[in-house]
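Participant: Submitted below is the structure of interest, expressed as structure tokens.
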Amino acid sequence: MSHSDKSDLENLDPDAAELAALGYKQEFKREFSSFSSFCVSFSVLGLLPSFASTMYYTTGYVGTPAMVWGWLIAMVFVQCVAYGMAELCSSMPTSGGLYYAAAKLAPGRWGPLAAWLTGWSNYFVQVTAAPSVAYSFSGMILSLLQIKNPNYSPQNYQIFLLACAGMIAMTLISCLPTKVVAHFNTCGTVVNVVFLGIVMITLLAVAGKNHAFNSTHDVWANFDNQTDWSDGFGLLMSFAGVIWTMSGYDSPFHLSEECSNASVAAPKAIIMTSAFGGIVGWLLNLIIAYTIVDVKKVMNDSLGQPYVVYLQQVCDYKTTVALAALTIVCSFMMGQGCMVAASRVTYSYARDGVFPFSRYLAHIDVRTKTPNRCTWMNTITGMLLLLLIFAGDVAINAIFSVGAIAAFVAFTIPIFIKITCVSDLDFQRGPFHLGRFSKPIGYMSCIFVLLMLPILCFPQTKGKNLNAQGMNWTCVVYGFPMLIIIMWWFISAHKWFTGPLLTYVPEASITPDAILEGVSKTDDEASVSTIVKK
């Protein structure tokens, strides 16, 4: 590295210098702290609305055992994935996140393909997150009207219009200046935590007053299997709810270019989100498992909203409406956090030419310093996905399973590449690293995801009980677009897509190998991390 190149990096602040060493110039304002990054990702988790949205999986397959020790089993492996991701984030804190890591860690010419598959899978989960949340809270709002007026029956067009209105509101907030968005998400996290606490305490108080709690034996051992599969397999199928709920902890990775002290703060936010979310989520499941009255009625009620039906079982009308309203507010906050994270992912991919019209999309608004064009593109795409509402409940509900599968495929590809293709000596560690536990944790992550991918595609019924209405269309809704993406790669994309495009290239370029190894391949070799520390 020439003396002028060292000077270029030394003249930048440490975060900008670290980003420059990875090949990007600083374009965002760094106005997120570790806590505000955690706030965005915790808002994206949205434990209360996520549970309400996925109760069909966590409770409906085998009953309360899936909510208690089933959640605990799944969380052990989810934490492994989170720790592996945090290690990558500390080493390569860019908004490209997993996509960038896959490209840089893959051997030789395989880097672009690894980035292509990781990026598109990650984009699918990002672009489906906000519309799935909007669909969920729209259905919940209209179900409250249905409770008040039993003669009212929500129409698909009403759910669609309400969900679209919610997405537009989320988009307008996401297009505000970065500092405002950070403050909004901090407030959103406070609201999520406070409202979650209110709901949990209220459920315990009301249930204890109105009826006895369920016995510990029934909660932990009574499998109420509503699938055609064995209890054990049904339990594994119920992990879909856990995986979808916990699929938002990658948000700090994508916000790392807007975060101060990113190589420390961003991975810290990932770990905080996964750990806090896992523990509090289990406590919420525990409370509901001990207070639910009739699992079958909750799942099969004509209202079509298991969470609201559960509230009706435990609470009176006014309390049901109040707790559902708190959940709806949390849902909106969650959707807005999803929108912010998705816009950063989209921008990073557009910056590298992944999308058609990438040159137009890769734009930062001069006034707000936010990628507003990417935000609006995701909004329009999300509204198109919401048209699945008119195809029926099975079709629209597939986006929840797609989100779970797409997220963990994207999470695991770079972890798998790291543990199989990169030696410990070649991997440039960040301040947060797993040391000798890196590979064991990585293998546990990959085995878990490899096991869950086919299981998440299984339908609830089989044999003569299986029909088009009961089919699990996840493999089609996720697999068909990914098949197109793979065909696109072999037909043309392999000719022009070369992986992440560097936007900061000094006179003596830092090669990708140098980034990985932490040194520049010139006579006066110098550690990138050393330059950053200076």
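Along the chain as shown, the residues are counted starting at 1.
Glycine is no exception: its Cβ is also placed from the backbone N, Cα and C atoms.
Okay, so TrEMBL annotates it like this:
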- 35-56: transmembrane segment (TRANSMEM)
- 68-86: transmembrane segment (TRANSMEM)
- 123-147: transmembrane segment (TRANSMEM)
- 159-182: transmembrane segment (TRANSMEM)
- 188-208: transmembrane segment (TRANSMEM)
- 229-249: transmembrane segment (TRANSMEM)
- 269-293: transmembrane segment (TRANSMEM)
- 321-342: transmembrane segment (TRANSMEM)
- 375-391: transmembrane segment (TRANSMEM)
- 398-420: transmembrane segment (TRANSMEM)
- 440-458: transmembrane segment (TRANSMEM)
- 470-491: transmembrane segment (TRANSMEM)
Participant: Do at least three CB pairs under 8 A connect the transmembrane segment (68-86) and the transmembrane segment (159-182), leaving out pairs fewer than 6 apart in sequence?
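Facilitator: These two stretches do not touch.
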Participant: Run the contact check on the transmembrane segment (229-249) against the transmembrane segment (188-208): 3 or more C-beta pairs under 8 Å, excluding pairs closer than 6 in sequence.
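Facilitator: These two stretches do not touch.
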Participant: Who are the chain neighbours of the transmembrane segment (68-86) in space, where the CB to CB distance is under 8 Å and they lie at least 6 residues beyond its ends?
Facilitator: 58, 62, 98, 219-220, 235, 238-239, 242-243, 246, 249-250, 253, 267-268, 270-271, 273-275, 278, 281-282, 285-286, 289, 408, 411-412, 415, 418, 432, 434, 438, 441-442, 444-445, 448-449
Participant: Please give the sequence-distant neighbours of the transmembrane segment (375-391): residues at least 6 beyond its ends with Cβ less than 8 Å from one of its Cβ atoms.
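Facilitator: Residues 126-128, 130-131, 134-135, 156-157, 159-160, 163-164, 167-168, 170-171, 174-175, 339, 342-343, 346, 361, 398-399.
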Participant: So which of 35-56, 123-147, 188-208, 321-342, 440-458 is most in touch with the transmembrane segment (398-420), counting Cβ pairs under 8 Å?
Facilitator: 440-458
Participant: Do the transmembrane segment (321-342) and the transmembrane segment (35-56) share at least 3 Cβ pairs under 8 Å, sequence separation 6 or more?
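Facilitator: Yes, the stretches contact each other.
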Participant: Does the transmembrane segment (269-293) reach the transmembrane segment (35-56), going by 3 or more CB pairs under 8 Å (6 or more apart in sequence)?
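Facilitator: Contact confirmed: at least 3 Cβ pairs fall under 8 Å.
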Participant: Checking distant contacts: for the transmembrane segment (440-458), what same-chain residues at least six beyond its ends satisfy Cβ-Cβ under 8 A?
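Facilitator: Residues 77, 80-81, 83-84, 229, 233, 236-237, 239-240, 243, 401, 404-405, 408-409, 411-412, 415-416, 418-419, 434, 472, 474-475 contact the transmembrane segment (440-458) from elsewhere in the chain.
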Participant: Which listed range (35-56, 123-147, 470-491) shows the maximal number of Cβ pairs under 8 Å with respect to the transmembrane segment (188-208)?
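Facilitator: Maximum Cβ contact count belongs to 35-56.
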Participant: Under 8 Å between C-beta atoms and at least six residues away from its ends: which parts of the chain pack against the transmembrane segment (35-56)?
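Facilitator: That would be 129, 132-133, 136-137, 140, 182-183, 185-186, 188-189, 192-193, 195-196, 199, 240-241, 244-246, 248-252, 255-256, 259, 265-266, 268-270, 272-273, 276-277, 280-281, 284-285, 288, 298-299, 306-307, 310, 326-328, 330-331, 333-334, 336-338, 340-341, 397, 400.
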